[in-house]
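As recorded in TrEMBL, the features of this protein are as follows:
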BINDING   77-90, 288-300  NAD(+) binding site
BINDING   Arg97, Arg107, Arg135, Asp225  substrate binding site
BINDING   Asp225, Asp249, Asp253  Mg(2+) binding site
DOMAIN    5-360  domain 'Isopropylmalate dehydrogenase-like'
SITE      Tyr142  site 'Important for catalysis'
SITE      Lys192  site 'Important for catalysis'
Amino acid sequence: MSNPSLLILAGDGIGPEVMDEVKRIITWYGDKRDMPFDVSEDLVGGCAYDKHGTPLHDDTMARAQEVDAVLLGAVGGPKYDDLDFSLKPERGLLRLRKEMDLFSNLRPAQCFDALADFSSLKRDIVAGLDIMIVRELTSGVYFGEPRGIHTEGNERVGINTQRYTESEIARVARSAFELARRRGNKVCSMEKANVMESGVLWRQVVTEVHEKEYSDVELSHMYADNGAMQLVRNPKQFDVIVTDNLFGDLLSDAAAMLTGSLGMLPSASLGLPMANGRPKALYEPVHGSAPDIAGQGKANPIACILSFAMALRYSFDAGAEADRLEAAVETVLADGARTADLLGPEGGSPISTTQMGDRILAALDASL
Ligand code: NAD
Ligand code: IPM
Ligand code: MN
């Protein structure tokens, strides 16, 4: 049998910096755990625009459809701010998500004990936190039609449309219920059914799927604005949160700060099973290209590394190896390894992106 295939799209800004550390970890799994991957690399985002005049070349799109999993760094940057909307780096990422039909975006927020004091919230609010935000990723206001900027009379009008079909809601709800069964068995669905018809339908469909297929799972509903407040007030009340594309984007960035830094949060974007039984999948950190620190060796590679751990778990049926990698991260944090974003107000001396990679590789070696 051939080795599992990975397509690496490191992208822009700190993307290539954090992905370099992941590449070393992939090599480690080949050398030390007899898990070789066939790795290929390509461009997405601003770097793809610079080379091809498009943020995602058709050949790259085709390759992404064929591989067992895509690993993505980050896209975007101020250099591309004035580009036509359709050419912006972010469009490359959105095209990957849409054409691979990656409807279920898993964004776990776990607070490592060593970082409980670094969150902007009090230790007892976040210590031991382990929640999973399931964000619908291929529909909603990100993709709804009509959209655009038009002129009406003598002024411009900007339009985006929130649109959800019941099958789109049902499939992401199912993936949240399935996950909940393997965790704390609780799902909280968030929308704004009080002001949006799409929210009314969301609540109805989630309730129907629950009644018919998952009545063993505890389900609650919350307006997303209250959900944002509850995430900060008492995040440990949640197990799995399921929500739409835009609310999920906002809520997951807020949840990142519960873990200490946006540089800690990984994600998995999953679609339907392929012929080999593996889901279509793309793994990426929740953070962006961080132009303010790009090129300085300061970026925290942990979100990208933990995204590879999610690939081990969700694409390669290697949950024990994912546990090993997560434990290695936990060990180095407990030993005090800190990139700049993980330093508390009292300061300290940060280590570089590469040094954090070195420490995690050493912890992996020590785990053997
Ligand atoms: P950002 O996530 O890039 O940065 C927000 C803040 O967090 C910055 O201060 C940054 O330095 C810090 N940060 C982020 N990741 C970090 C890490 N790994 N280590 C240390 N600090 C980190 O968000 P932004 O500044 O709003 O956006 C910058 C660009 O990235 C934009 O073009 C945006 O569209 C894009 N973006 C891309 C993705 C993606 O590729 N998935 C996600 C979010 C934003
Ligand atoms: C994310 C990002 C993306 C989004 C952008 C870069 C398209 O913010 O992955 O959270 O809005 O989904
Ligand atoms: Mn985001």
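Any Cβ shown, glycine's included, is placed from N, Cα and C.
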Taking the binding-site residues Asp81, Asp249, Lys298, which residues show a Cβ-atom distance to ligand 2 below 6 Å? Asp249
Within 10 Å of the Cβ of Arg107 (substrate binding site), how many other Cβ atoms are there? 25
In the structure shown, with every protein chain counted, which of the recorded positions Phe85, Tyr142 has the densest set of Cβ atoms within 10 angstroms of its Cβ? Tyr142
Listed binding-site residues (Asp81, Asp225, Asp249), ranked by Cβ neighbours within 10 Å, top entry: Asp249
Near ligand 3, which of the binding-site residues show up if the criterion is a Cβ under 6 Å from one of its atoms? Options: Gly77, Arg107, Asp249. Asp249
Using a Cβ cut-off under 8 Å and a sequence separation of 6 or more, which residues in the same chain sit near Lys192 (site 'Important for catalysis')? Gly199, Tyr223, Ala224, Asp225, Phe247
Longest CA-CA distance among Arg97, Arg107, Arg135, Asp225, per record bound to substrate, angstrom: 26
Taking only the recorded positions Arg107, Arg135, Tyr142, which one has a CA atom nearest to the CA atom of Gly77 (NAD(+) binding site)? Tyr142
Residues other than Asp225, Asp249, Asp253 within 8 Å, Cβ to Cβ centroid, of the Mg(2+) site? Ala224, Ala228, Leu246, Phe247, Gly248, Leu250, Leu251, Ser252, Ala254
Measure from each Cβ of the binding-site residues Arg97, Arg135, Ala290 to the atoms of ligand 1 and list the residues where some distance is under 6 Å. Ala290
Using DSSP and three states only, what is Lys192 (site 'Important for catalysis')? coil
